[in-house]
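Each remark here refers to the structure printed beneath this line.
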Amino acid sequence: MAPVAAGTGWRLLLVLGAAGLAAVGAPKPPNIVLLLMDDMGWGDLGVYGEPSRETPNLDRMAAEGMLFPNFYSANPLCSPSRAALLTGRLPIRSGFYTTNGHARNAYTPQEIVGGIPAEERLLPELLKGAGYTNKIVGKWHLGHRPQFHPLKRGFDEWFGSPNCHFGPYDNRARPNIPVYRDWEMVGRYYEEFPINLKTGEANLTQVYTQEALDFVRRQHAARRPFFLYWAVDATHAPVYASRPFLGTSRRGRYGDAVREIDDSVGKILSLLRNLRIAEDTFVFFTSDNGAALISAPKQGGSNGPFLCGKQTTFEGGMREPAIAWWPGRVPEGQVSHQLGSIMDLFTTSLSLAGLAPPSDRVIDGLDLLPAMLWGQLTDRPIFYYRGNTLMAATLGQYKAHFWTWTNSWEEFRQGIDFCPGQNVSGVTTHTQEDHTELPLIFHLGRDPGERFPLSKLACVAGLLRCSHLPGLCPSTTGPCDTVT
């Protein structure tokens with residue numbers, strides 16, 4: 001194949017990439033930077049309507065890129081969502097769900113000895129086939145034992161922790177969470193990496209930012225394409241910020257953490273501009289699940305107009321802030337109404353690298369490049385899983401709840417509330433309510449807060465469950481002419 005002309009190289013390479021072909025002499029594939037937040041809500045950014053407007057760098061990123069207001073995690077909890085991002089698959093396919101109880105969320109605390117299965121093919125493993133150097137900064141959360149180490153799963157470098165910054169523990173029965181540089185444990189949270197629970201002071205975001213900047217500079221100097229997975233966790237309770245940011249937000253300590261992250265994103269994007277590789281770098285910003293309202297108001301964020309938060313399959317638990325940035329490629333100042341998922345970052349990244357997704361397994365992620373580059377929208381469902389249970393599904397503007405449940409009465413009476421101040425009769429239930437025969441239907445365009453169930457739309461629920469799951473459901477019948 002003749003070398004690809006500079007002006008048309010990437011458009012042709014993307015087409016070839018979709019077919020899994022390699023373009024000899026084609027331009028170097030773009031760098032990929034995925035900025036994954038922890039428990040950050042849809043309503044935490046100024047561009048999404050947060051009234052304090054304390055995220056100028058992220059707001060500028062949106063102005064220079066593309067906003068996705070209908071972007072979802074694959075689960076309302078950290079570990080399964082991160083597994084979905086790196087595999088392009090629903091967590092129930094990769095084993096990141098619980099089997100010990102109906103609709104119980106799955107996660108990996110210290111006591112869990114499992115992790116991401118060896119047979120799963122992770123994004124960095126595949127990107128190495130296109131010559132990428134890969135680094136993870138921050139939270140891994142896909143298994144803490146050696147066989148699950150990120151450097152065994154395609155990453156070349158790691159600075160961060162296998163888990164979240166829980167603690168401090170007693171250092172005997174429950175040691176504090178370790179922090180690693182590559183294979184070496186370099187300390188533990190609350191010890192070598194202090195977090196002051198009284199003041200909220202910690203320097204971790206600054207350390208994570210410097211790790212990202214140093215990696216970008218080194219890869220640029222080596223002229224290698226790189227994948228940076230920046231998975232910071234300052235917005236996960238207990239929230240933290242470094243001293244220059246403490247007390248600077250109108251939103252308290254959580255806002256301080258958001259302001260520092262916003263500043264860090266600004267530094268990463270500025271470095272890409274200064275190195276003159278912004279047009280060669282695809283950047284995507286999102287969160288692993290919705291804001292943890294159980295930690296609000298002091299240590300939790302905002303899910304904007306949406307119902308409930310983390311751990312639930314209402315919109316507040318799984319609809320995320322999302323911004324794509326690729327100067328000169330992704331049109332600036334645009335809003336895409338494509339239904340997106342965190343799993344799409346797997347498929348999109350492979351497409352950017354000129355690689356095809358694995359053909360030996362089901363891939364649930366959609367390639368977002370047609371939506372970003374050419375405004376092409378694709379009909380696709382969004383599935384809301386909680387544990388081993390399909391709780392709800394969305395297609396177009398309609399969402400059907402097959403089960404509703406926030407948390408148990410026992411937990412609720414102890415003050416554990418995933419939907420504080422948001423009781424919707426018959427919707428935010430403390431018992432697991434079965435709606436599979438007559439699902440609760442909402443029109444998310446007119447009722448994003450899921451407060452007013454529609455009637456006589458059972459056929460929509462049938463379409464949501466069945467039209468994209470051939471062979472699993474009978475054909476639907478009903479008064480579908482009532483749907484508008």
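Just so you know, glycine gets a Cβ as well, placed from its N, Cα and C.
Caution: TrEMBL annotation is automatic and unverified by curators.
Features as listed in TrEMBL:
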type    : residues                            : note
SIGNAL  : 1-25                                : signal peptide
DOMAIN  : 30-354                              : domain 'Sulfatase N-terminal'
BINDING : ASP38, ASP39, CYS78, ASP288, ASN289 : Ca(2+) binding site
MOD_RES : CYS78                               : 3-oxoalanine (Cys)
With a radius of 8 angstroms around the mean position of the C-beta atoms of ASP38, ASP39, CYS78, ASP288, ASN289, what other residues of the same chain does the Ca(2+) site pick up?
MET37, MET40, SER73, LEU77, SER81, ASP233, HIS236, SER287, ALA292, LYS310
Looking only at the domain 'Sulfatase N-terminal' (30-354), report the model's average pLDDT.
96
Chain-internal residues, separated by at least six, CB under 8 A from CYS78 (Ca(2+) binding site):
ASP38, ASP39, TYR107, LYS139, HIS141, CYS164, HIS236, ASP288, ASN289
